[in-house]
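Participant: For 15-36, 212-238, 250-271, 291-311, 410-431, the entry in TrEMBL reads transmembrane segment. Per TrEMBL, domain 'ABC transmembrane type-1' is recorded for 213-427.
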Amino acid sequence: MKKNKRGFQLNEKQLGYAMVLPSLILVCIVVLWPVAQSFYNSLFDYRLNDPNRSELMLSANIDLERYVDNQFYLDNQLEDLTMQVDSDAGAKIEEMKEGINHHHEQLLSDEETKQKVEKVDELLMNYQPVTDSELKYQKIDSDFADRYREELLQYQASLMEIAESTADETLSQSIEQTADLTGATGETILQSNFIGLKNYGKYLQDNRMWGALWNTTFFTVITVALELVIGVCIALLINRAFKGRGIIRASVLIPWAIPTAVAAMMWGFLFDGQSGIVAHYLEALHIIPDASWLLSTSDGGMFSIILADVWKTTPYMALLILAGLQTIPESLYEASDVDGANKFQQFWKITLPLLKSSILVALLFRTLDAFRVFDLIYVLTGGGPANATESISVYAYKTLFAQQNFGEGSVLSVIVFLFVAIISFIYVKLIGSDLFAGRTK
C-alpha cells in the first residue's frame with residue numbers, strides 16, 4: 001500500500017509568525033517607511049524655497065531648465081556687448097563668450113545630456129514648463145561643475161568691473177544686467193546638498209528646539225496627570241447606578257467629540273482679554289491678574305492650553321477607565337463589605353489594582369497623544385507669545401511648511417518619533433502591566 005504523503009504544514013510557532021506577518025508588513029509601510037524617508041531627508045540641506053537646494057542631490061547636477069534659458073540669453077547679450085564697448089573691453093567680453101561656449105560644448109559632449117538639453121530647449125521654445133524632474137536635472141562631473149561655476153562667477157566679477165569703468169550709464173546698466181545673468185547661470189550648476197548629520201548637530205545646540213521640547217514635556221506631564229485624576233473620579237461617578245446615568249455619560253463625552261481645532265477656536269474666544277467670558281470671571285475671582293494675562297503672557301499661554309486640553313480630553317481618559325471598572329466583578333465588593341472594608345479600602349485594595357491594565361492603556365494613549373500635540377496649540381496660541389507655548393510638533397510644522405526647510409524640519413520629525421518610541425518603550429517594558437505578560441520586569 002502507498003503511504004499518504006503529508007502536505008506542507010506549519011507548526012504552531014511558524015503559524016503564529018505567519019499570522020503576524022501581514023501586520024508587520026503594514027506597520028513597516030505605514031509607520032517605518034515615512035520615518036525612514038524623513039531620516040533620509042534630514043541628511044540633506046533640502047529647501048523648497050531655494051532653487052539650488054530644492055532636490056536631494058548626492059552628486060553635482062545642473063538645472064537644465066534654468067541653464068538652457070539663461071545660456072540662450074547670455075550668449076546673445078555677450079554678442080551685443082562686444083559691439084557696444086571699446087576694443088579692450090570687447091576683447092575681454094569676447095574671451096568670456098568663448099570660455100562659456102567651450103564649457104557649454106563640453107557639457108553637450110555627453111550624449112544623454114545633449115538629448116535632454118534639446119528636449120528642454122524645445123519645451124522652452126513652446127513656452128512650456130519642465131515638470132519632469134528626471135528631465136530637468138542632469139548629473140554632471142563634480143570637477144567640471146566646480147570649474148564651470150567658478151569661471152562664470154569670475155566672469156560676473158569682470159563684467160561688474162567693466163560696468164563700473166564705463167561712462168555711458170545706459171551701457172553700464174546693460175553690462176550689469178549681463179553680469180547678473182552670468183551669475184544666475186552659474187547658480188544653475190548645483191553642488192551636492194548632502195550634509196550628513198550636520199542638521200542634528202545644529203539642533204543639539206538650538207535653544208529654541210530645547211525650549212520646544214521642554215514645553216512639550218511640561219504640557220504632557222501636567223495634562224496627563226490632571227486628566228488621569230479627574231478621569232478616574234468621573235469614571236467612578238458614572239459607573240454607579242443612578243437616575244439619568246445615560247444622559248450624564250453622553251454629556252460627559254461631548255467635549256471629546258468636538259474636533260480639536262473647533263475646541264481651540266472656542267477657547268480662544270473664551271480666553272480673549274477683551275470679550276472672553278472665562279477670562280472675565282477668572283479675573284473677577286482673582287485667579288489671574290487681568291483678563292489679557294491668559295493669551296498675552298508665557299505663563300498664561302501655557303495655563304490656557306493646559307486648561308483647554310484637560311477639558312477636551314479628560315472624557316477620553318474617563319471612558320477608558322470606565323471600561324476597566326465594568327470588568328471588575330461586583331462580588332469582590334460584596335465580599336469586602338462582609339469583611340468590614342470601607343469605601344477607601346475597597347478603592348485602594350480592589351479597584352485600583354484591577355484598574356492597572358486600563359490605567360496603563362489610558363496613560364499610554366494619552367501620553368503619546370499629548371506629546372504629539374499640534375492643532376490645539378497652533379490654533380489657540382500659535383506657539384506664542386514668544387514661542388512660550390511652542391511644542392516640538394508646532395516647531396517642526398513651522399520649519400517644514402512655513403520656512404519650507406524640509407531638511408531641518410525632517411530632523412524635528414525624527415526627534416518626535418524618537419521620543420514617542422522612548423515613551424512607548426518605557427510604558428511597555430518598565431511599568432509592568434499584565435497586558436504585556438512575559439515582558440515585564
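Heads up, residue numbers simply count up from 1 along the chain you see.
Placed from the backbone N, Cα and C atoms, the Cβ positions cover glycine too.
Note that TrEMBL annotation is computational and uncurated.
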Participant: Find the member of 15-36, 250-271, 291-311, 410-431 that has more C-beta pairs under 8 Å to the transmembrane segment (212-238) than any other listed stretch.
Facilitator: 291-311
Participant: Between the transmembrane segment (410-431) and the transmembrane segment (291-311), are there three or more CB pairs that fall under 8 A, provided the residues in each pair are separated by 6 or more in sequence?
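Facilitator: Stretch pair does not touch.
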Participant: Same-chain Cβ contacts of the transmembrane segment (250-271) under 8 Å, 6 or more residues past its ends?
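Facilitator: Cβ under 8 Å, 6 or more out: 234, 238, 277-279, 294-295, 304, 307-308, 311-316, 318-319, 375-376, 378-380.
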Participant: Residue list, the transmembrane segment (410-431) vs rest of chain: Cβ under 8 Å, 6 or more residues beyond ends.
Facilitator: 35, 38-39, 41-42, 46, 199-200, 202-203, 209, 213, 360, 363-364, 367-368, 371-372, 392-393, 395-396, 399-400, 439-441
